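Structure first, then comments.
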């Protein structure tokens with residue numbers, strides 16, 4: 001399942017292409033579900049031939065629209081009615097709002113269909129950077145100072161919003177839409193003029209914005225895999241050649257060095273992995289999470305955020321971290337499918353009557 005009504009639509013297509021290429025077609029029957037930028041659901045025929053580009057996944061010809069409310073029946077109209085066949089697992093490869101934020105996960109829960117990755121709570125908390133930061137604070141995770149603003153606050157008094165940032169955080173700072181990933185709508189600000197422009201940009205993508213103090217430190221990331229007993233990968237480091245790791249550097253230029261594994265001490269790795277698992281449990285994670293940190297020159301570790309559906313593009317950090325840890329891409333995907341089935345089976349044991 002990929003695409004979606006989100007600013008990260010194209011990222012999702014790239015992720016879907018990479019995952020589909022890696023799936024073992026002798027082991028899995030692959031049925032693509034494309035959600036257009038307008039939010040329309042289109043299903044394609046079972047994939048029996050290799051997919052070489054994202055255009056093939058957009059079904060400009062040959063796809064058929066369907067209602068997501070009857071997902072099993074739409075995908076297997078005859079078989080499902082006879083209860084001979086149904087969807088085993090949905091793999092949501094959706095990024096951003098209307099996909100990674102708990103909405104799709106809620107629908108799949110109502111339909112009682114197993115799905116890869118985080119549930120409703122973890123997905124929504126992981127999408128909203130403000131809620132996420134509140135949860136991290138509650139479990140005692142060190143993080144950079146931040147402030148949150150609603151669009152109505154900015155509209156009412158841009159001057160007050162800017163003054164609050166300057167007094168509480170100072171420059172440089174980073175302005176981000178609260179509910180977007182892939183560095184969409186993010187700006188680095190060094191003065192009032194840049195801050196005003198950054199607010200205006202971020203509010204184009206969300207009604208809520210978070211502003212974070214700038215941290216002078218290395219950008220370290222780690223992968224978390226599992227359900228109630230999660231494990232961590234090696235750590236990696238992002239060294240962007242640009243001013244910061246924005247959308248263009250991530251997905252277009254490749255103008256970033258990924259150092260895997262990152263050079264850290266045993267003590268620093270222990271701290272990072274422990275904090276990553278605490279963050280995973282704080283949002284009630286399942287399946288996978290990529291946790292992002294800052295590591296300062298004096299060894300202080302600050303959590304930045306978690307991503308509940310990290311990218312699976314060929315140059316994405318999450319699969320590369322696990323590859324370095326000894327888990328190949330195709331095996332990683334199969335583990336995620338098994339974790340989805342495990343979590344779903346556990347939920348089926350829950351009583352709903354008393």
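Placed from the backbone N, Cα and C atoms, the Cβ positions cover glycine too.
According to Swiss-Prot, the protein has these features:
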BINDING   166-221  ATP binding site
BINDING   292, 305  Mg(2+) 1 binding site
BINDING   305, 307  Mg(2+) 2 binding site
DOMAIN    133-338  domain 'ATP-grasp'
Alpha-carbon distance [residue 305 (Mg(2+) 1 binding site); residue 208 (ATP binding site)] in Å: 16
Given the model, what does the mean pLDDT over the domain 'ATP-grasp' (133-338) come out as? 92
Taking Cα atoms as reference points, rank the binding-site residues 173, 180, 187 by distance from residue 292 (Mg(2+) 1 binding site) and give the first. 180
Cα distance, residue 305 (Mg(2+) 1 binding site) to residue 166 (ATP binding site), nearest Å? 22
Please give me the CB contact count at 10 A for residue 187 (ATP binding site), counting all chains in the structure. 20
Compute the C-alpha separation of residue 180 (ATP binding site) from residue 307 (Mg(2+) 2 binding site), stating it in Å without decimals. 10
Below 8 Å Cβ to Cβ and six or more residues apart, same chain only. Which residues does that give for residue 173 (ATP binding site)? 165, 188, 189, 195, 211, 212, 213, 214
Spatial separation of residue 201 (ATP binding site) from residue 307 (Mg(2+) 2 binding site) - C-alpha basis, Å: 22
What is the separation, in Å, between the Cα atoms of residue 305 (Mg(2+) 1 binding site) and residue 215 (ATP binding site)? 14
Check residue 180 (ATP binding site) against DSSP and tell me helix, strand or coil, would you? coil
